[in-house]
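Participant: Grabbed the feature section from TrEMBL, which reads as follows:
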type	residues	note
BINDING	Lys121, Gln184, Gly216, Asp247, Lys390	UTP binding site
BINDING	His217	substrate binding site
Amino acid sequence: DFSKAMSQAGSSQFQEVIRQELEYSMKVELDKILATAPSNELEHAKKDLEGFKKLFHRFLQEKGPSVDWGKIQRPPEDSIQPYEKIKARGLPDNIASVLNKLVVVKLNGGLGTSMGCKGPKSLIGVRNENTFLDLTVQQIEHLNKSYNTDVPLVLMNSFNTDDDTKKILQKYSHSRVKIYTFNQSRYPRINKETLLPIAKDVSYSGENTECWYPPGHGDIYASFYNSGLLDNLIAEGKEYIFVSNIDNLGATVDLYILNHLMNPPNGKRCEFVMEVTNKTRADVKGGTLTQYENKLRLVEIAQVPKAHVDEFKSVSKFKIFNTNNLWIALSAIKRLQEKNAIDMEIIVNPKTLDGGLNVIQLETAVGAAIKSFENSLGINVPRSRFLPVKTTSDLLLVMSNLYSLNAGSLTMSEKREFPTVPLVKLGSSFTKVQDYLRRFESIPDMLELDHLTVSGDVTFGKNVSLKGTVIIIANHGDRIDIPAGALLENKIVSGNLRILDH
């Protein structure tokens with residue numbers, strides 16, 4: 001036992017020496033990169049690299065899954081409230097004064113590359129030529145006009161999306177919404193083998209674009225604070241931000257939740273509210289809220305020890321997942337940021353660059369900070385508040401007659417008999433937005449659809465109706481054209497347009 005203890009001590013000392021050497025080598029490389037910064041960018045680059053250095057230090061300290069599975073408990077009953085209970089309280093007469101304390105923040109750092117688009121994802125057209133950004137501005141403008149309020153929109157851009165977004169913002173200069181932007185940090189990608197940055201200088205154009213990355217939406221706290229915008233909004237009397245992904249079309253301002261925050265029934269305000277919703281089989285990988293060391297804590301699949309992944313995915317044990325719609329007190333962000341007390345687990349995201357080099361990105365997630373805030377709460381909201389558009393399959397749903405559009409908000413059509421969304425799986429021929437649009441002469445009627453699977457070279461004529469379960473599979477080398485006006489109800493279409501009953 002003694003020799004075992006000695007060898008363990010030796011190995012931990014050895015690891016410590018390696019850690020210190022890695023940290024020193026990283027510092028040397030970052031100093032070299034910083035030395036290439038032009039004077040007008042120096043301050044900014046310094047802040048970014050300081051933030052990165054802290055993250056890298058923590059990455060070297062932490063080993064293995066960051067949660068102890070034995071300590072995970074179900075959250076106490078009252079820590080996740082049903083939305084119906086919050087809504088039942090109604091709204092006060094002075095809802096306008098409550099709205100005037102709110103800021104809407106949209107996470108706008110992502111590119112549309114997964115859908116085959118260049119530029120910011122927020123500029124993809126999703127409904128009647130309206131982009132994600134158009135719909136967001138319309139929603140807030142409608143609020144401001146209806147209640148005579150001044151709710152501003154803040155966009156957290158990344159260096160990838162900032163220029164294109166700023167150009168487009170000019171078109172809203174006459175709308176009744178003040179729009180502010182700030183940029184999230186820019187961190188260097190690390191070579192997976194050497195654990196050193198692949199960037200040689202601070203520039204991020206041309207060949208260097210692959211050397212840098214935006215470090216996930218958990219970066220919002222530091223970037224928002226560093227930008228000075230947080231202090232300005234507090235000075236204007238703003239008290240809460242409502243944060244969501246710009247591609248979640250269900251994430252509209254909810255007055256009942258806002259009222260619950262501003263006028264809590266027990267007099268004690270929440271600093272952090274996470275909207276969660278019930279899991280379906282499609283959401284098994286989503287992060288879930290648990291009780292951990294007497295705090296509400298978001299647990300993501302990446303943090304779960306391998307032996308417990310199936311248990312984590314179980315819909316019966318963990319019934320809810322995080323929608324990433326969050327309501328956070330501005331004063332709390334300021335307090336925690338100044339104390340350096342926001343604790344978020346590190347997500348290690350491996351990537352392979354075009355040239356085949358393996359790199360890692362160190363990231364954090366905004367919801368993971370829930371455990372650093374006081375009096376946090378989960379609210380179990382209807383599924384309609386989670387309507388993300390990640391793929392063209394999602395895009396088909398929101399473009400269809402399943403939803404109607406009113407003042408920038410999408411609502412499920414009353415003509416649909418049950419409120420669940422059909423399961424849609426479009427094959428690889430539909431992945432890119434331009435290919436997808438070319439394959440539909442018009443979007444089919446999907447009011448009575450339960451399930452659609454399409455694979456291979458398939459096109460749809462005008463005014464097609466899809467009902468029940470429809471499976472369309474064009475074999476390799478074959479093409480299927482669904483004729484205009486066709487009604488497919490519980491059908492399997494395969495090969496070269498043979499239509500079979502399902």
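For all residues, glycine too, the Cβ spot is worked out from N, Cα and C.
Curation plays no part in TrEMBL annotations; they are all automatic predictions.
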Participant: Check each residue in the chain of Asp247 (UTP binding site) that is at least six apart in sequence and keep those whose C-beta is under 8 Å from its C-beta; list them in sequence order.
Facilitator: Gly110, Lys121, Ser122, Phe132, Pro388, Val389, Lys390
Participant: Of these binding-site residues, Lys121, His217, Lys390, which scores lowest on Cβ atoms within 10 Å?
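Facilitator: Looking at the binding-site residues Lys121, His217, Lys390, the Cβ with the fewest others within 10 Å is that of Lys390.
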Participant: Within a 10 Å radius of its Cβ, which of these binding-site residues (Gln184, Gly216) has the fewest neighbouring Cβ atoms?
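Facilitator: Sparsest of the binding-site residues Gln184, Gly216 by Cβ contacts within 10 Å: Gly216.
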Participant: Hey, how far is His217 (substrate binding site) from Gln184 (UTP binding site), Cα to Cα, in Å?
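Facilitator: Here the two Cα atoms lie 8 Å apart.
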Participant: Rounded to a whole number, what is the top Cα to Cα distance in Å among the residues the record ties to UTP, namely Lys121, Gln184, Gly216, Asp247, Lys390?
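Facilitator: Pairwise Cα check on Lys121, Gln184, Gly216, Asp247, Lys390 gives a maximum of 21 Å.
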